[in-house]
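Written below as structure tokens is the structure these notes are about.
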2 protein chains.
Amino acid sequence: MLFVTSVEILVNRNAQNGSVDVLDLLQGWGSGVGTYDDFNTIDWVREKSKDRDRHREISRKRRQSITALLLSVSDAFSGWLLMLLIGLMSGALAGGIDIAAHWLTDLKEGVCLNGFWFNHEHCCWNSKETTFQERHRCPQWKSWAELTVGVTEGASAYVVNYLMYVIWALLFSFLAVFLVRAFAPYACGSGIPEIKTILSGFIIRGYLGKWTLVIKTITLVLAVASGLSLGKEGPLVHVACCCGNIFCHLFTKYRKNEAKRREVLSAASAVGVSVAFGAPIGGVLFSLEEVSYYFPLKTLWRSFFAALVAAFTLRSINPFGNSRLVLFYVEFHTPWHLLELFPFVLLGIFGGLWGALFIRANIAWCRRRKATRLGRYPVLEVAVVSLATAVLAFPNDYTRMSGSELISELFNDCSLLDSSKLCDYGPLAKGGEPAGNLSEGTVGQAERPAGPGVYTAVWQLAMALLFKMAITVVTFGMKVPSGLFIPSMAVGAVAGRLLGIGMEQLAYYHHDWDMFHGWCSPGAHCITPGLYAMLGAAACLGGVTRMTVSLVVIMFELTGGLEYIVPLMAAVMTSKWVADALGREGIYEAHIRLNGYPFLEPKEEFVHKTLATDVMRPRRSDPPLSVVTQDGMTVEELEGLISDTSYSGFPVVVSPESHRLVGFVLRRDLVISIDNARRCQEGIVGVSRVIFTEHTPVEAQGAPPPLNLRAILDLSPLAITDHTPMEITVDIFRKLGLRQCLVTQNGRLLGIITKKDILKHMAQMANRDPDSILFN
Amino acid sequence: MLFVTSVEILVNRNAQNGSVDVLDLLQGWGSGVGTYDDFNTIDWVREKSKDRDRHREISRKRRQSITALLLSVSDAFSGWLLMLLIGLMSGALAGGIDIAAHWLTDLKEGVCLNGFWFNHEHCCWNSKETTFQERHRCPQWKSWAELTVGVTEGASAYVVNYLMYVIWALLFSFLAVFLVRAFAPYACGSGIPEIKTILSGFIIRGYLGKWTLVIKTITLVLAVASGLSLGKEGPLVHVACCCGNIFCHLFTKYRKNEAKRREVLSAASAVGVSVAFGAPIGGVLFSLEEVSYYFPLKTLWRSFFAALVAAFTLRSINPFGNSRLVLFYVEFHTPWHLLELFPFVLLGIFGGLWGALFIRANIAWCRRRKATRLGRYPVLEVAVVSLATAVLAFPNDYTRMSGSELISELFNDCSLLDSSKLCDYGPLAKGGEPAGNLSEGTVGQAERPAGPGVYTAVWQLAMALLFKMAITVVTFGMKVPSGLFIPSMAVGAVAGRLLGIGMEQLAYYHHDWDMFHGWCSPGAHCITPGLYAMLGAAACLGGVTRMTVSLVVIMFELTGGLEYIVPLMAAVMTSKWVADALGREGIYEAHIRLNGYPFLEPKEEFVHKTLATDVMRPRRSDPPLSVVTQDGMTVEELEGLISDTSYSGFPVVVSPESHRLVGFVLRRDLVISIDNARRCQEGIVGVSRVIFTEHTPVEAQGAPPPLNLRAILDLSPLAITDHTPMEITVDIFRKLGLRQCLVTQNGRLLGIITKKDILKHMAQMANRDPDSILFN
């Protein structure tokens, strides 16, 4: 299939140039022309031309028959169908992952006698004996201690439960790392750095394949259930992109065109965030702001559709039983006061500091892993980290629960019915009824002194904060699927809640202070610690990922009120500024650089005053540029040139003396074409002349027939002058998605700049190691 | 100021090239180098380079002194400050416009005795005699009939009110058109087509100036109040952009750089929509999807900030007294049924048809206005249309009220307390209490038979629909500020409401039909006509403007529930498909083309198979390309070349024989530089050689000193080969924002392609008149 199309395209491309023998071509080229090697960069211009050719062909045929018309209509709608499929599948997978992870998480604590496949909540669903306070206790649900030792309280029960918790955690994490290692090494990590790189035009075969999808889905459940400090949000983006890539194979349009497929993947990453946070608009903006490289408006519209379909699918599955898409949906009822912007900005500063420090620490740790023996034992590493996490997490309620549960608890605004420790407030000291009585449960409580529960909770939260901060650094980057959103948000939520409780107690004990005057009178509800937790979470996530608009919109969709956008913006903006001051890169860019992917960051401005001539190859000391002349080389000479050099393409010039540029030919195309010609075309031998001109000249009597390769010649290579500033060159590469660009001086071909040259130059100018860019 | 900076930049640009005498330059160039003429296109690449140079300069100086450091910090934050100012100012203006328009609209009906500056609602605010039903009647408010004739009912009262209504309408519209004609001709129309063009890099001096702002604000109030079929939404975008442009003058960074200023204007257009619909996110997406050309992520984030500030400012002003930002905020409570998608899609089809037909009719009418005598009497035209509108609108309640009020009324879900005709339902016929009694006012009413009020309303609405459809076609494009959003939405809302009432009655009388089975049982509330009105409004607006994501998000922000996004998407998508099938262009693109602006539509794909060689000039029959040689021409020869040709720039080549490209020089820069040199530089005469090389050669004894103009030479012109397909060329122009591009063949300079050539070629390929593109 690919063979025919490539030739068709080549024929089309040539038809416009005039007289090329079509039969000649049909014999000539193999199936590889126009495709890419693994770990190579695609040529956006070529891919988009290919798609336009295909589109023209369909439009042309449309007028000829009904079948062709129907085909053209189905072609036009295939994009929408694809989006529908991706939305349905991703929504379903996300629902499945939520349910399975919930069940396995509860399995660490106990088992349901009605059926081991029920999670704690479902097990006690129909239990009538429970009050609202004790809705999570029912006779059907047995903790491991109850089941084995027969007691629910006391030291022995605690030890048994502890032991079982650790064993299950170890088992889950071991299974996860084992599956990843054995079946799909690409399933590890969050996947977002790689997806960003792929979307920018890089080829990583198998990264979005079937096996990766299956293994990532399973191991994600296991990794989340094991209690490691990781989340499912980033991997969900990877899962959605795998779905997108797999469904692409159903449609020729997307299967055969790397650029078109990347449009689908952009939409799929929007779908991933949409199901992760129940935020379709936020997801689309995330894709636009954070991951996508090329995002035409058509993709915007389709992404939005897919994100909605996915959100609705997830809601029909209803994994949390509350027709919400996420565990930590929040509703606040108290307005915030302008003075509170001060603590909000403090949270932003904390988030920025944490983000920058986390990135440094994590990158240092990952470098260490790569450089030392540590990297050779990934299974052991996971086991050790998992053991440490489980052992340290169990004693503390707030680390024992899963990340989402923790965030949900911290975001929660205390109502009078709440039984959690965080809501254990004492009675009002200085007379006056709590205002909460007036409108129970809806407006929340009046400021009251913290009870013993809150004090315990504060200590536990402080411990949890330190623990989460430390363990997340070593967890992210291990060989299990691991997202960063939830751990970052958890750190921020804990810090925010602590600050919120502090503010609340301050307001209670010192409501006579000027700053609380006319706002926090006794008996009034003025500070919402849950809001602080939310802002802290946003700030930390912002510091780590450097998301801005998408983060605010995601949070806005979680809370559902325009009311809190101003505090959110204040916190997120401060966090970004602080973090940027300490290091320009977000965690994903840092990991891209760590892995040496050829990613041309669209956000980073190139500020240096170098010129194209400083970057192009050959350098002054190098041998001259390897060029192909349009009619002067033999097959043997070309083969020699190919084997002597490793360049991925050669400029074609009129003559070696004039160095006037004719076109550009790719190494891969050249190799395949010569191979094919030698095999299939009669009379092609080593001394046959290779011709790139329009008209094949008549050879002297007795000489072998020439090989005309104009069909594989790119007649429109982009050329810039040697005086072009690099800032403009970088812009051209970014915006047009080039792989290479030729450099001329006063009309003579002088050299070539590839994407890799640019990346190396940028690394050099930023005082980084230019050899860290590994791939082409 | 501009003089110094231009020279600085030139010096900087040259410093990198080596040895150019700085003093030489400082004497040489006037203040015009690097600026643009009116009705010309900017060079994005050059503007962005200029900004990077400026930025580098600031970064360099930062390390030298505290003052410079502070300057650099203030420079970094000036963008945010600018956004804050634009948000505050636009929000305030929008609030003022709302209040003033409301007051003047009510003035057509009567006057408040407490003070003529109160509108009807404010006048009766404190009146205690009124019940909820009659909250709009109070003794302080006198209709014109009451005031003059002394009666409130009867024929004479009706005639007096009618007359006063018409007189006021005529007065307002006359004032509006008079002010526009006399003080700011650019203040007419919606402004969005021109803003799109300006954002794409076109210069229209004064379009966003102080006078335009003042006059547009005033006349917008008058035009809206006159009852013409127009809205304030589009003009609000223009007003916000004027604010943006004016505030740009406060900051050197934005005043001097056309590209940076366009980033600000993109954000300002987001602000405009944010205040028009109370939809900050929708506004940002509107700017991204509909108006902006170059939208970097930094702008996204800033637009969002500005849009929020504006929305909050507007809310503090609270023009509608309900802490909502728009009159037609809606809250529906009934879920929709899957089967309802069928009528929703019908509404989409209606919207698409109406959109496409409206565009054709309006463009035909505008062409007629341009071509015939009609265009010569704009004041008369406005007066006639305004008279016709007033005379025809008064007898019908639904056309007498303003567009926003109409939409608000149609979107409204009937509660039991509602006294409007649209909610006049009879009692339940077949027994059973209305379900509405159970939860009064919140859930709405059960399906009930339409009462006489509803029947009257249906007839009046049908008449209003026809009237609005006809009058909007002639209104849009007159010489008053006129937005299209409200009239389009009104048409759609009327059609939607009619369909909704139809469906509702169908469900009531035929609830035994299969399609209503299990969903519309008697006594249940199943159809919300208000929802139909909203979907109709969205569909019609979508058909006219072809907005998609932004439209859905705006509507989502109006209704505040994810619930209705699926019907919205269905309606908007259908509408776009239907409208696109009948004509590819939205109303704004159609008006851009009507006015001949050089706008390179980013959404339209170029699908033809032409090559650069088919488009470039000179054509085969033309005289050869006018070039400048780098060291072979005298001042006189150059002046001759300039006066003989009208090209806006000349390629500089090594020699006329080799045609090897060295650089590109702009006509404007050349003229200014030669003029300045003749005036200020000693010894420059007609026979002085003009040199573009790096080193000035030593002239023969006695010869006048040469003039070195390398400083104004663009050393990095982009060149493409003659075989480059036009689709790629168009892409390059679009993405890099080029003004011209050189064409080479085998390394020899062959010709030049300008943006205008491309636009003409595109017009030709689409069988349109290529001479319709008027400007450069």
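Note that Cβ sites are derived from N, Cα and C of the backbone, with glycine treated the same way.
Features reported for this protein in TrEMBL:
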type	residues	note
DOMAIN	B:616-682	domain 'CBS'
DOMAIN	B:712-770	domain 'CBS'
TRANSMEM	B:66-88	transmembrane segment
TRANSMEM	B:162-187	transmembrane segment
TRANSMEM	B:208-230	transmembrane segment
TRANSMEM	B:236-252	transmembrane segment
TRANSMEM	B:264-288	transmembrane segment
TRANSMEM	B:341-365	transmembrane segment
TRANSMEM	B:377-394	transmembrane segment
TRANSMEM	B:457-478	transmembrane segment
TRANSMEM	B:490-511	transmembrane segment
TRANSMEM	B:531-556	transmembrane segment
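When Cβ-Cβ distances below 8 Å are used as the criterion, the transmembrane segment (B:162-187) is approached by residues 104, 107-109, 144-145, 194, 204, 206-207, 209, 211-212, 214-216, 218-219, 222-223, 225-228, 378-379, 382-383, 385-387, 389-391, 394-395, 400, 478-481 of the same chain, each at least six residues removed from its ends. As a quick check, the transmembrane segment (B:66-88) and the transmembrane segment (B:264-288) clear the bar of 3 or more Cβ pairs under 8 A, pairs 6 or more apart, so the two touch. In the domain 'CBS' (B:712-770), the DSSP tally of helix, strand and coil residues is 24 helix, 18 strand, 17 coil. Within the same chain, the transmembrane segment (B:457-478) packs against the transmembrane segment (B:208-230): three or more Cβ pairs sit under 8 Å, each pair at least 6 residues apart. Touching of the transmembrane segment (B:531-556) and the transmembrane segment (B:264-288) is concluded from the presence of at least three CB pairs under 8 A, sequence neighbours closer than 6 excluded. Proximity of distant same-chain residues to the transmembrane segment (B:264-288), defined by a Cβ-Cβ separation under 8 Å and at least 6 residues beyond the stretch ends, is recorded for 79, 82-83, 86-87, 90-91, 94, 195, 198-199, 208, 232-233, 236-241, 243-245, 247-248, 254, 294-295, 299-300, 302-304, 306-308, 310-311, 314-315, 324-326, 329, 485, 547, 549-551, 553-558.
Residues 229, 340, 343, 346-347, 350-351, 354, 398, 403, 406-407, 410-411, 422, 447-450, 454, 458, 461-462, 464-465, 468-469, 472, 520-522, 526-541 of the same chain lie 6+ residues outside the transmembrane segment (B:490-511) yet bring a C-beta within less than 8 angstroms of a C-beta in it.
Residue counts for the domain 'CBS' (B:616-682) under DSSP, split into helix (H, G, I), strand (E, B) and coil, are 24 helix, 16 strand, 27 coil. Confidence over the domain 'CBS' (B:712-770), given as mean pLDDT on the 0 to 100 scale, stands at 88.
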